[in-house]
Amino acid sequence: MTLDSTGTLALAAAILLAGRFLNAGIAPLARYNIPQPISGGLAFALLAAGLHAWWGITVDTSASLRPPLLLAFFASVGLSADLGRLRKGGPKLVLFLCCVVPFLMLQNVVGTGMALLLDQHPLIGLIGGSVTLVGGHGTGAAYARIFEETHSLAGVMGLAMAAATIGLVLGGVVGGPVAQFLLRGHAPVAKGTAEAATDAAEPATTEGAIVTTCLVLFCLLLGGWMASLTQGLPVALPDFLWCLFAGVIVRNAIAPAIRLPVSDASVDLVGSTALALFLAMTMATIRLWELAALAGPLMAIVAAQAGFAVVYAILIVYRAMGRDYEAAVATAGFLGFSMGATATAIANMQAVSNRYGPAPVAFLVVPLTGAFFIDLANALVLTGALTLPVYGE
(Lines of atoms letter the chains of each structure in order from A; the text may use other names.)
(Lines give C-alpha, C1' and ligand atoms only; values in the text may rest on other atoms or scores of the structure.)
Protein backbone atom coordinates (compact mmCIF):
# COMPACT_ATOMS: atom_id res chain seq x y z
CA MET A 1 0.00 0.00 0.00
CA THR A 2 1.57 3.28 -1.14
CA LEU A 3 0.37 6.71 0.02
CA ASP A 4 1.03 9.94 -1.88
CA SER A 5 1.89 13.22 -0.14
CA THR A 6 -1.77 14.01 0.62
CA GLY A 7 -2.39 10.54 2.00
CA THR A 8 0.79 10.75 4.06
CA LEU A 9 -0.30 14.08 5.52
CA ALA A 10 -3.71 12.62 6.39
CA LEU A 11 -2.05 9.62 8.04
CA ALA A 12 0.17 11.98 10.06
CA ALA A 13 -2.94 13.83 11.23
CA ALA A 14 -4.54 10.54 12.28
CA ILE A 15 -1.38 9.58 14.18
CA LEU A 16 -1.37 12.92 16.01
CA LEU A 17 -5.02 12.55 17.01
CA ALA A 18 -4.41 8.98 18.14
CA GLY A 19 -1.49 10.19 20.24
CA ARG A 20 -3.68 12.86 21.81
CA PHE A 21 -6.29 10.29 22.85
CA LEU A 22 -3.66 7.86 24.11
CA ASN A 23 -1.92 10.50 26.22
CA ALA A 24 -5.26 11.60 27.66
CA GLY A 25 -6.27 8.04 28.53
CA ILE A 26 -2.97 6.51 29.66
CA ALA A 27 -1.55 8.46 32.60
CA PRO A 28 2.14 7.39 32.34
CA LEU A 29 2.36 8.76 28.79
CA ALA A 30 1.41 12.23 29.99
CA ARG A 31 3.36 11.93 33.24
CA TYR A 32 6.62 11.26 31.42
CA ASN A 33 5.94 13.87 28.71
CA ILE A 34 5.89 11.38 25.83
CA PRO A 35 5.14 13.49 22.72
CA GLN A 36 1.80 12.81 21.07
CA PRO A 37 3.39 11.95 17.69
CA ILE A 38 5.46 9.29 19.43
CA SER A 39 2.50 7.79 21.32
CA GLY A 40 0.35 7.69 18.21
CA GLY A 41 3.29 6.65 16.05
CA LEU A 42 4.13 3.67 18.25
CA ALA A 43 0.49 2.57 18.09
CA PHE A 44 0.59 2.80 14.29
CA ALA A 45 3.93 0.96 14.19
CA LEU A 46 2.35 -1.92 16.13
CA LEU A 47 -0.63 -1.91 13.76
CA ALA A 48 1.68 -1.88 10.73
CA ALA A 49 3.69 -4.77 12.19
CA GLY A 50 0.47 -6.75 12.61
CA LEU A 51 -0.61 -6.05 9.04
CA HIS A 52 2.80 -7.16 7.80
CA ALA A 53 2.89 -10.33 9.90
CA TRP A 54 -0.66 -11.53 9.30
CA TRP A 55 -1.55 -10.34 5.80
CA GLY A 56 1.78 -9.35 4.26
CA ILE A 57 0.65 -5.72 3.86
CA THR A 58 3.33 -3.01 4.04
CA VAL A 59 2.40 0.67 4.22
CA ASP A 60 4.74 2.93 2.24
CA THR A 61 4.49 6.71 2.67
CA SER A 62 5.70 9.71 0.69
CA ALA A 63 8.91 11.34 1.91
CA SER A 64 8.44 14.63 0.04
CA LEU A 65 7.09 16.65 2.99
CA ARG A 66 9.46 15.44 5.69
CA PRO A 67 12.64 17.38 4.76
CA PRO A 68 11.03 20.87 4.66
CA LEU A 69 9.15 20.19 7.90
CA LEU A 70 12.39 19.18 9.63
CA LEU A 71 14.18 22.26 8.31
CA ALA A 72 11.29 24.44 9.49
CA PHE A 73 11.59 23.01 13.00
CA PHE A 74 15.31 23.76 13.23
CA ALA A 75 14.75 27.23 11.80
CA SER A 76 12.30 27.81 14.66
CA VAL A 77 14.95 26.64 17.16
CA GLY A 78 17.24 29.34 15.79
CA LEU A 79 14.47 31.94 15.87
CA SER A 80 13.88 31.18 19.55
CA ALA A 81 17.48 32.05 20.39
CA ASP A 82 17.47 35.56 21.76
CA LEU A 83 21.16 35.98 22.53
CA GLY A 84 20.36 38.97 24.71
CA ARG A 85 18.99 36.54 27.28
CA LEU A 86 22.49 35.18 27.78
CA ARG A 87 23.31 38.24 29.89
CA LYS A 88 20.35 37.58 32.18
CA GLY A 89 21.68 34.16 33.11
CA GLY A 90 24.94 35.61 34.31
CA PRO A 91 27.77 33.49 35.71
CA LYS A 92 25.44 30.63 36.68
CA LEU A 93 24.41 30.14 33.06
CA VAL A 94 28.04 30.09 31.91
CA LEU A 95 28.89 27.65 34.70
CA PHE A 96 26.00 25.38 33.79
CA LEU A 97 27.05 25.40 30.14
CA CYS A 98 30.58 24.49 31.21
CA CYS A 99 29.10 21.41 32.88
CA VAL A 100 26.90 20.50 29.92
CA VAL A 101 29.39 20.66 27.03
CA PRO A 102 31.88 18.11 28.49
CA PHE A 103 28.91 15.89 29.31
CA LEU A 104 27.88 15.86 25.64
CA MET A 105 31.33 14.63 24.66
CA LEU A 106 31.44 12.00 27.39
CA GLN A 107 27.91 10.84 26.58
CA ASN A 108 29.04 10.02 23.06
CA VAL A 109 32.15 8.29 24.39
CA VAL A 110 29.95 6.09 26.60
CA GLY A 111 27.55 5.35 23.74
CA THR A 112 30.31 4.54 21.27
CA GLY A 113 32.18 2.41 23.80
CA MET A 114 29.05 0.40 24.57
CA ALA A 115 28.33 -0.05 20.87
CA LEU A 116 31.83 -1.39 20.24
CA LEU A 117 31.58 -3.73 23.25
CA LEU A 118 28.30 -5.06 21.86
CA ASP A 119 29.82 -5.49 18.38
CA GLN A 120 27.64 -2.79 16.81
CA HIS A 121 28.51 -0.01 14.38
CA PRO A 122 29.95 2.99 16.29
CA LEU A 123 27.21 5.21 14.86
CA ILE A 124 24.68 3.18 16.84
CA GLY A 125 26.53 4.52 19.89
CA LEU A 126 25.94 8.08 18.70
CA ILE A 127 22.26 7.27 18.19
CA GLY A 128 22.25 6.04 21.78
CA GLY A 129 24.22 9.13 22.80
CA SER A 130 23.69 12.86 22.49
CA VAL A 131 22.02 12.55 19.07
CA THR A 132 18.78 11.37 20.68
CA LEU A 133 19.19 11.67 24.44
CA VAL A 134 20.04 15.38 24.31
CA GLY A 135 18.90 16.16 20.77
CA GLY A 136 15.52 14.47 21.13
CA HIS A 137 13.33 13.07 18.39
CA GLY A 138 13.95 15.91 15.92
CA THR A 139 17.74 15.76 16.01
CA GLY A 140 17.59 11.97 16.19
CA ALA A 141 15.51 11.79 13.02
CA ALA A 142 17.78 14.26 11.23
CA TYR A 143 20.98 12.33 11.93
CA ALA A 144 19.30 8.96 11.40
CA ARG A 145 18.41 10.04 7.87
CA ILE A 146 22.04 11.06 7.29
CA PHE A 147 23.37 7.77 8.69
CA GLU A 148 20.96 5.78 6.54
CA GLU A 149 22.11 7.61 3.41
CA THR A 150 25.86 7.69 4.08
CA HIS A 151 26.43 4.39 5.90
CA SER A 152 23.47 2.26 4.74
CA LEU A 153 22.44 1.46 8.32
CA ALA A 154 19.08 -0.31 8.10
CA GLY A 155 16.46 0.51 10.73
CA VAL A 156 18.43 3.35 12.29
CA MET A 157 15.42 5.71 12.12
CA GLY A 158 13.39 3.38 14.29
CA LEU A 159 16.28 3.05 16.71
CA ALA A 160 16.57 6.82 16.97
CA MET A 161 12.87 7.19 17.76
CA ALA A 162 13.05 4.37 20.31
CA ALA A 163 16.15 5.79 22.01
CA ALA A 164 14.66 9.28 22.25
CA THR A 165 11.41 7.89 23.70
CA ILE A 166 13.16 5.70 26.28
CA GLY A 167 15.33 8.68 27.20
CA LEU A 168 12.25 10.82 27.83
CA VAL A 169 10.93 8.23 30.27
CA LEU A 170 14.25 7.74 32.06
CA GLY A 171 14.87 11.49 32.25
CA GLY A 172 11.54 11.93 33.99
CA VAL A 173 12.07 8.95 36.29
CA VAL A 174 15.56 9.70 37.64
CA GLY A 175 15.41 13.50 38.05
CA GLY A 176 13.12 13.68 41.09
CA PRO A 177 14.74 10.90 43.14
CA VAL A 178 18.23 12.30 42.52
CA ALA A 179 17.09 15.77 43.64
CA GLN A 180 15.51 14.22 46.73
CA PHE A 181 18.80 12.46 47.49
CA LEU A 182 20.76 15.70 47.09
CA LEU A 183 18.37 17.65 49.32
CA ARG A 184 19.15 15.54 52.35
CA GLY A 185 20.67 17.88 54.88
CA HIS A 186 19.28 21.01 53.21
CA ALA A 187 16.39 22.81 54.91
CA PRO A 188 13.48 23.40 52.51
CA VAL A 189 13.04 27.00 51.42
CA ALA A 190 9.84 29.01 51.77
CA LYS A 191 6.80 27.27 50.33
CA GLY A 192 5.81 28.42 46.85
CA THR A 193 5.80 27.57 43.21
CA ALA A 194 8.30 28.09 40.46
CA GLU A 195 5.76 29.88 38.36
CA ALA A 196 5.74 32.76 40.82
CA ALA A 197 9.32 33.51 39.90
CA THR A 198 8.78 33.48 36.16
CA ASP A 199 7.12 35.86 33.81
CA ALA A 200 3.73 35.04 32.34
CA ALA A 201 4.00 33.61 28.86
CA GLU A 202 2.65 35.71 26.02
CA PRO A 203 -0.13 34.07 23.99
CA ALA A 204 0.34 33.17 20.34
CA THR A 205 -1.71 35.21 17.87
CA THR A 206 -2.76 34.72 14.25
CA GLU A 207 -0.63 37.67 13.15
CA GLY A 208 2.34 36.38 15.10
CA ALA A 209 1.97 32.91 13.58
CA ILE A 210 1.82 34.36 10.05
CA VAL A 211 4.91 36.52 10.62
CA THR A 212 6.75 33.56 12.14
CA THR A 213 5.82 31.30 9.23
CA CYS A 214 7.22 33.89 6.81
CA LEU A 215 10.42 34.15 8.84
CA VAL A 216 10.78 30.36 8.95
CA LEU A 217 10.43 30.13 5.17
CA PHE A 218 13.03 32.88 4.77
CA CYS A 219 15.34 30.95 7.10
CA LEU A 220 14.97 27.88 4.88
CA LEU A 221 16.09 29.93 1.88
CA LEU A 222 18.93 31.59 3.79
CA GLY A 223 20.06 28.28 5.25
CA GLY A 224 20.05 26.62 1.85
CA TRP A 225 22.09 29.48 0.40
CA MET A 226 24.67 29.28 3.21
CA ALA A 227 24.90 25.51 2.76
CA SER A 228 25.59 25.96 -0.96
CA LEU A 229 28.45 28.37 -0.18
CA THR A 230 30.21 25.79 2.00
CA GLN A 231 30.00 22.81 -0.33
CA GLY A 232 33.36 21.14 -0.78
CA LEU A 233 34.80 22.22 2.57
CA PRO A 234 36.58 19.55 4.68
CA VAL A 235 33.85 19.68 7.37
CA ALA A 236 30.33 19.75 5.98
CA LEU A 237 27.40 20.77 8.17
CA PRO A 238 23.97 19.23 7.52
CA ASP A 239 21.32 21.47 5.95
CA PHE A 240 19.24 21.58 9.13
CA LEU A 241 22.12 23.16 11.06
CA TRP A 242 22.42 25.91 8.47
CA CYS A 243 18.70 26.60 8.90
CA LEU A 244 19.24 26.78 12.66
CA PHE A 245 22.07 29.29 12.20
CA ALA A 246 19.89 31.24 9.76
CA GLY A 247 17.24 31.48 12.47
CA VAL A 248 19.79 32.87 14.92
CA ILE A 249 20.86 35.49 12.38
CA VAL A 250 17.29 36.50 11.60
CA ARG A 251 16.30 36.73 15.27
CA ASN A 252 19.32 38.68 16.50
CA ALA A 253 20.35 40.76 13.46
CA ILE A 254 17.81 41.01 10.66
CA ALA A 255 14.58 41.27 12.67
CA PRO A 256 15.90 44.04 14.99
CA ALA A 257 17.32 45.91 12.00
CA ILE A 258 13.92 46.11 10.29
CA ARG A 259 12.07 46.59 13.60
CA LEU A 260 10.13 43.35 13.24
CA PRO A 261 9.08 41.85 16.58
CA VAL A 262 9.45 38.09 16.97
CA SER A 263 6.90 36.37 19.19
CA ASP A 264 8.37 33.52 21.22
CA ALA A 265 4.93 31.96 21.61
CA SER A 266 4.34 32.02 17.85
CA VAL A 267 7.80 30.62 17.14
CA ASP A 268 7.07 27.79 19.56
CA LEU A 269 3.67 27.18 17.91
CA VAL A 270 5.02 27.04 14.35
CA GLY A 271 8.07 24.99 15.31
CA SER A 272 6.07 22.54 17.41
CA THR A 273 3.56 22.05 14.60
CA ALA A 274 6.29 21.36 12.05
CA LEU A 275 8.03 18.93 14.40
CA ALA A 276 4.78 17.14 15.29
CA LEU A 277 3.92 16.56 11.62
CA PHE A 278 7.48 15.50 10.82
CA LEU A 279 7.62 13.03 13.70
CA ALA A 280 4.21 11.58 12.84
CA MET A 281 5.33 11.02 9.24
CA THR A 282 8.63 9.57 10.44
CA MET A 283 6.94 7.19 12.88
CA ALA A 284 4.76 5.98 10.02
CA THR A 285 7.91 4.67 8.30
CA ILE A 286 9.12 2.54 11.23
CA ARG A 287 9.12 -1.19 10.61
CA LEU A 288 9.36 -2.90 13.96
CA TRP A 289 10.17 -6.27 12.42
CA GLU A 290 13.45 -4.80 11.17
CA LEU A 291 14.50 -3.56 14.62
CA ALA A 292 14.40 -6.80 16.59
CA ALA A 293 18.11 -7.57 16.17
CA LEU A 294 19.18 -4.18 17.56
CA ALA A 295 16.65 -3.83 20.40
CA GLY A 296 18.85 -5.54 23.02
CA PRO A 297 22.03 -3.53 22.30
CA LEU A 298 20.05 -0.28 22.26
CA MET A 299 18.52 -0.98 25.68
CA ALA A 300 21.96 -1.77 27.09
CA ILE A 301 23.42 1.46 25.68
CA VAL A 302 20.60 3.65 27.03
CA ALA A 303 20.73 1.96 30.45
CA ALA A 304 24.46 2.69 30.65
CA GLN A 305 23.78 6.29 29.64
CA ALA A 306 21.22 6.69 32.42
CA GLY A 307 23.68 5.45 35.03
CA PHE A 308 26.42 7.73 33.71
CA ALA A 309 24.10 10.76 33.67
CA VAL A 310 23.12 10.21 37.32
CA VAL A 311 26.75 9.90 38.44
CA TYR A 312 27.81 12.97 36.43
CA ALA A 313 24.89 15.01 37.77
CA ILE A 314 25.69 14.20 41.40
CA LEU A 315 29.47 14.49 41.24
CA ILE A 316 29.88 17.34 38.74
CA VAL A 317 26.73 19.39 38.12
CA TYR A 318 25.47 19.60 41.70
CA ARG A 319 28.88 20.55 43.09
CA ALA A 320 29.66 23.04 40.33
CA MET A 321 26.32 24.82 40.80
CA GLY A 322 26.95 25.44 44.50
CA ARG A 323 25.74 22.35 46.42
CA ASP A 324 22.61 24.15 47.65
CA TYR A 325 18.86 23.99 47.04
CA GLU A 326 19.07 25.84 43.71
CA ALA A 327 21.83 23.44 42.65
CA ALA A 328 19.66 20.43 43.48
CA VAL A 329 16.77 21.81 41.40
CA ALA A 330 19.14 22.59 38.51
CA THR A 331 20.53 19.05 38.76
CA ALA A 332 17.02 17.62 38.41
CA GLY A 333 16.59 19.78 35.33
CA PHE A 334 19.94 18.67 33.94
CA LEU A 335 18.87 15.03 34.16
CA GLY A 336 15.66 15.95 32.37
CA PHE A 337 17.21 17.34 29.20
CA SER A 338 20.38 15.21 29.30
CA MET A 339 18.17 12.14 28.84
CA GLY A 340 14.94 13.56 27.48
CA ALA A 341 13.91 17.11 26.63
CA THR A 342 13.56 20.62 28.02
CA ALA A 343 9.93 19.85 28.88
CA THR A 344 11.11 16.91 30.99
CA ALA A 345 13.68 19.16 32.66
CA ILE A 346 11.04 21.72 33.61
CA ALA A 347 8.68 18.99 34.83
CA ASN A 348 11.45 17.60 37.05
CA MET A 349 12.19 21.03 38.52
CA GLN A 350 8.52 21.79 39.09
CA ALA A 351 8.09 18.51 40.95
CA VAL A 352 10.80 19.63 43.38
CA SER A 353 9.90 23.33 43.60
CA ASN A 354 6.19 22.65 44.14
CA ARG A 355 7.15 20.73 47.26
CA TYR A 356 10.04 22.79 48.63
CA GLY A 357 9.66 26.27 47.15
CA PRO A 358 10.76 28.41 44.18
CA ALA A 359 14.20 28.24 42.61
CA PRO A 360 14.30 31.29 40.33
CA VAL A 361 17.93 30.94 39.24
CA ALA A 362 17.48 27.29 38.25
CA PHE A 363 14.28 28.13 36.37
CA LEU A 364 16.17 30.77 34.39
CA VAL A 365 19.38 28.87 33.69
CA VAL A 366 18.04 25.41 32.80
CA PRO A 367 15.32 26.44 30.30
CA LEU A 368 17.70 28.86 28.57
CA THR A 369 20.27 26.10 28.23
CA GLY A 370 17.76 23.46 27.18
CA ALA A 371 15.81 25.63 24.76
CA PHE A 372 18.72 26.64 22.55
CA PHE A 373 22.26 26.57 23.84
CA ILE A 374 22.23 22.80 24.31
CA ASP A 375 21.16 22.29 20.68
CA LEU A 376 23.93 24.53 19.38
CA ALA A 377 26.55 22.87 21.59
CA ASN A 378 25.29 19.42 20.62
CA ALA A 379 25.45 20.30 16.93
CA LEU A 380 29.07 21.43 17.26
CA VAL A 381 30.04 18.35 19.31
CA LEU A 382 28.41 15.96 16.83
CA THR A 383 29.95 17.73 13.84
CA GLY A 384 33.38 17.32 15.41
CA ALA A 385 32.72 13.72 16.44
CA LEU A 386 31.71 12.66 12.93
CA THR A 387 35.13 13.72 11.62
CA LEU A 388 36.80 11.02 13.76
CA PRO A 389 37.97 7.89 11.92
CA VAL A 390 36.05 5.53 14.22
CA TYR A 391 32.71 6.67 12.78
CA GLY A 392 33.80 6.33 9.18
CA GLU A 393 34.40 2.62 9.34
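Note: Cβ is positioned from N, Cα and C throughout, glycine not excepted.
Annotation source TrEMBL lists transmembrane segment at 6-26, 38-57, 69-86, 93-117, 123-144, 156-179, 209-228, 240-258, 270-289, 301-321, 327-349, 361-388.
Tertiary proximity for the transmembrane segment (156-179) is limited to same-chain residues at least six positions away from its ends with a CB under 8 Å from its CB atoms, namely 31-35, 38, 41-42, 45, 123-124, 127-128, 131-133, 135-137, 140-141, 143-145, 147-148, 279, 282-283, 285-288, 290-291, 294-295, 298-299, 301-302, 305-306, 309-310, 313-314, 328-329, 331-333, 335-341, 344-345, 347-348, 351-352.
Taking pairs at least six residues apart, the transmembrane segment (93-117) and the transmembrane segment (327-349) share three or more Cβ pairs below 8 Å and count as touching. Ranking 209-228, 240-258, 270-289, 301-321, 361-388 by CB pairs under 8 A with the transmembrane segment (6-26) puts 270-289 at the top. Across 123-144, 209-228, 240-258, 301-321, stretch 240-258 shows the highest tally of CB pairs under 8 A with the transmembrane segment (69-86). Counting same-chain residues at least six beyond the ends of the transmembrane segment (240-258), those with a Cβ under 8 angstroms from any Cβ of the stretch are 70-72, 74-84, 142, 215-216, 218-220, 222-224, 226-227, 230, 375-376, 379, 383. Long-range contacts of the transmembrane segment (209-228) within its own chain (CB-CB distance under 8 A, at least 6 residues past either end) are made by residues 68, 71-72, 75-76, 78-79, 237, 239-240, 242-247, 249-250, 255, 260, 262-263, 266-267, 269-271, 274. Note: the stretches the transmembrane segment (270-289) and the transmembrane segment (301-321) are not in contact (fewer than 3 CB pairs below 8 A, sequence gap of 6 or more).
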